[in-house]
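Trainee: For reference, TrEMBL lists these features for the protein:
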TRANSMEM  39-61  transmembrane segment
DOMAIN    49-276  domain 'Ion transport'
TRANSMEM  82-100  transmembrane segment
TRANSMEM  120-143  transmembrane segment
TRANSMEM  178-201  transmembrane segment
TRANSMEM  248-273  transmembrane segment
TRANSMEM  393-415  transmembrane segment
DOMAIN    396-546  domain 'Ion transport'
TRANSMEM  427-446  transmembrane segment
TRANSMEM  467-485  transmembrane segment
TRANSMEM  497-516  transmembrane segment
Amino acid sequence: GADNDLYINQAIVFIEDAIQYRSINHRVDSKSLWLYRWYYSRTCQWILSLTITVILALAFVEKPSSLTITSDVRYRLPAWNPPCGLMESIELLCFLVFLVDVSVKSYLIGWEEFWKNKWLVAYILTLIVSLADWVVSLSFFCTENVRIRRILRPFFLLQNSSMMKKTLKSINSTLPEMASVVLLLAVHLSLFTMFAMLLFARTKDGQQDKEWVGYFRNLPDSLTSLLVLLTTANNPDVMIPAYSQNRAYSLFFILFTVLGNLFLMNLLTAIIYNQFRGYLLKSVQSSLFRRRLGIRAAFEVLSSLKETPANAQQSYVSVGALLQVLQKVEMDSRCKQAIMRSLKMCSCDQLSAAQFQKLFEELDKDAIKQHPPSPEYQSRFMQKMQFAFGHPYFGYLGNVVALANIISICVVLVMDADKQPSERDDFFLGAINCFFILYYLLEMLLKILAMGLKRYLSYPSNRFDGLLTVILLVLEIATFAVYGFPHPGWRPEFMGLLSLWDMVRLVNMLIVFRFLRIIPNMKFMALVVTTLLDLVKNLRAFAGILVV
């Protein structure tokens, strides 16, 4: 019985490892399994993420931080200088959390694996150096000028993300392939630097030396000028003095830019993409292999249960044991329900390794979102209303009205562009905004009537549209409550938090932002936007490395 419980718990952990693409190379005794699940629980991981955020955020308040509301030295108040020991106490708490983190990790994988893991060794060394530097800070009563531990803080963010570590490894593997093109770029830059120093050498006529004085006075200046030109940041300023003297000089700069920027830089980008793609593909393949390995490990331990026939030539897992495991595994409810449906549809009581693996292919599938059904009305009139306001043409009408609102705002802004604030009459803009916001509210209510609240909220475009409509309605009611209803010459004095013009501007900005609702209705635009959003999700690891 005790062995069966252990096998069940091992299977649970192995399946959770597979879900998260984690290695199964860790301790699997009863106490270690409990500690392992506790460490990877949402609460512990949330505490660890919060600790990393706090230790990185200390830079915004520690001396010599100059973070204030305004950067204008005339109005900027002195930055808050925390007393000695306050930031150090917070830092110590963070270090203690990191010590617990590295201790648990090291224990769970075992000391033999620990010494093979360079990241964990670097983690411990970083903590030792940081704690030593922290002690030095307190010894000097926070008056020392150099704090080594601050430059090490981003490491805590880096080591906590497996995807960031893979990305960094891929970048490191790509560097040797880039060396040849970088060397070619260096030769290109050096040769053109020498040509430039010979071409724009100093002459007896001081009036003709503007190019030499400004950009090619000596080797460092010449190299810097052409290096910046490689990025086109100083184009065409760098060639204007020589071009003013003789138009033929422009050929030198054109040739440099075409060779360097259009050919060599693009070649460098292509090589980086090609190599990085290959290394990242290998990384993804290894992640998928870890998932398959975790599922297979769960199968092996479940096949060791006493329920399995002893004389079986092939290993099998009972469906009851798998259901027992699935009840305790932390996984997406959609995947869990899909696996359980497959088990119920299966008429057999035992699962082979291939069947077991096939069941968990649900983990690799993307979720297909299903929207709740629309309400069913008995009344004939309500059915006609539902058909009319649930039809796509009603949405198209809303897009046309939103476009008309944008055009009206543009017309008013163009007419009032050169007027002084005292000459501006906000009546027309306030009146048309009031009309359009009432239409938006009516449109939202009619769509909810036709689709039902749950179905309406299941569409992201409707949530976006409805949220902005509610905010616009609240702002409009607040405007009327403070400044009254629009009328000719509507230009009251400043009252409350915002002036009337500020309130109108805020409403107009939200109306312009609301016009983005047309994107889902335009297939090509929706495809581009979806691609961009997916790109942002996939670039999280790169963004993390940039933060580091």
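Cβ atoms are placed via backbone N, Cα and C, with glycine included.
How buried are the listed features, and what sits near them?
Mentor: Long-range contacts of the transmembrane segment (39-61) within the same chain, counting only residues at least 6 positions beyond its ends with a Cβ under 8 Å from a Cβ of the stretch, are 16, 20, 22, 67, 80, 82, 87, 90-91, 93-94, 97-98, 101, 104-105, 108, 150, 153-154, 156-157, 160.
Sequence-distant contacts of the transmembrane segment (178-201), counting only residues of its own chain at least 6 positions beyond either end whose CB sits under 8 Å from a CB of the stretch, comprise 211-212, 215-216, 219, 222-223, 225-227, 230, 242, 249, 252, 256, 259-260, 264-265, 267-268, 271-272, 275.
Residues 174, 177-178, 181-182, 184-185, 188-189, 192, 195-196, 199, 211, 226, 229-232, 235-236, 238-239, 242 of the same chain lie 6 or more positions beyond the ends of the transmembrane segment (248-273) yet place their CB under 8 Å from a CB of it.
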Trainee: Which sequence-distant residues neighbour the transmembrane segment (120-143)? Criterion: at least 6 residues beyond either end, Cβ under 8 Å.
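Mentor: Sequence-remote neighbours of the transmembrane segment (120-143) are 84-85, 88, 91-92, 95, 98-99, 102, 105-106, 109, 114, 149, 152-153, 155-156, 159.
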